Amino acid sequence: TFFSPVSNGQPPNYEMLKEEHKVAVLRAETSMPDRVAWSLFNPLFMNPCCLGFIAFTYSVKSRDRKMVGGLTGAQAYASTTKCLNNRALIVDLLMSILLIVIPLLIFQAYRSIRRHHPGQELCP
């Protein structure tokens, strides 16, 4: 039990226990994140393999289930959303790094060739 009633020598009545249960459910509902904001950010960044759109769909499903009261389904969708968002973030970071590193390597190779073979054309 989350809350212990004030003990005045009498057992708690049904209405008090029912109210405590409602408060515990409301607290669980509000504490479970649905990650909609994170899911909205991923499609705007690079969106590899549409992972951001899929994560957004699952986060909306999680929010809908939470509003209806299906906490188990909402938690399952939220877990899937978190996994998809993490994967999209990792792929986004790798793609960003590669988009910076590969052109730098090409530019260094070009400068190296031009330095070692001055006046020679690269393409005949």
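A Cβ is built for glycine as well, from the same backbone N, Cα and C atoms used for every other residue.
Features of the protein shown, as given by TrEMBL:
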| type | residues | note |
| --- | --- | --- |
| TRANSMEM | 36-58 | transmembrane segment |
| TRANSMEM | 89-110 | transmembrane segment |
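Only residues 6 or more beyond the boundaries of the transmembrane segment (36-58), in the same chain, are considered here, and those with a CB under 8 A from a CB of the stretch are 77-78, 80-81, 84-85, 87-89, 91-92, 95-96. Residues 42, 45-46, 48-49, 51, 122 of the same chain lie 6 or more positions beyond the ends of the transmembrane segment (89-110) yet place their CB under 8 Å from a CB of it.
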